[in-house]
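Feature annotations, reproduced from TrEMBL:
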type: REPEAT; residues: 53-87; note: repeat 'PPR'
type: REPEAT; residues: 88-122; note: repeat 'PPR'
type: REPEAT; residues: 158-192; note: repeat 'PPR'
């Protein structure tokens, strides 16, 4: 509330406030998760025929994310393109996270697709979030597609991304795909984590493959990345 009070005081004392002043206050309240105040200020900015900038809108989307307002976050993300503001990686990350928190995996994956559409390059953490959503929904084929796209986007695949894809395959009962991903991890010199080995054990025990389980565990015991 302090930032808003300062803004009101400046408005009474001085000349007409500009976008920078409003954006600063919107950002302050947005970071505090005060999405209601952020919306009021954003609407006030529009009523003054002032155009919000990308950081200010991002702050509101982030406030929606903190306030578990996934639908508002997506709506504002769509509005950005209508008013010719180009969303950036911060815009999409906040909306994807908001959807993830609410368990809205379809909407989160839509945001990820929009990132590609407007040629915003996602980072590895966005990929991890998307793969985690695929795992929760059992969308193993979508998870594999995301991993392939990561390669085309030159994103480094790591243990987190591979584990999420392996988990999606396991959840859908596609154990063959899970083991293929494990083998792909070895080729990428990725050190298996506890999660990786746990998934392998679960899959092979479920299939009743005692001899194969022993062999796989023996293989994993000597699995070491070649790079430092």
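Cβ atoms are placed via backbone N, Cα and C, with glycine included.
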Using DSSP three-state counts, the residues of the repeat 'PPR' (88-122) come to 26 helix, 0 strand, 9 coil
Over the span of the repeat 'PPR' (88-122), how high is the average pLDDT in this prediction?
83
Taking helix as H, G and I and strand as E and B in DSSP, count the residues of the repeat 'PPR' (158-192) in helix, strand and coil.
26 helix, 0 strand, 9 coil
Count the residues of the repeat 'PPR' (53-87) that DSSP assigns to helix (H, G, I), to strand (E, B) and to coil, and report the three numbers in that order.
26 helix, 0 strand, 9 coil
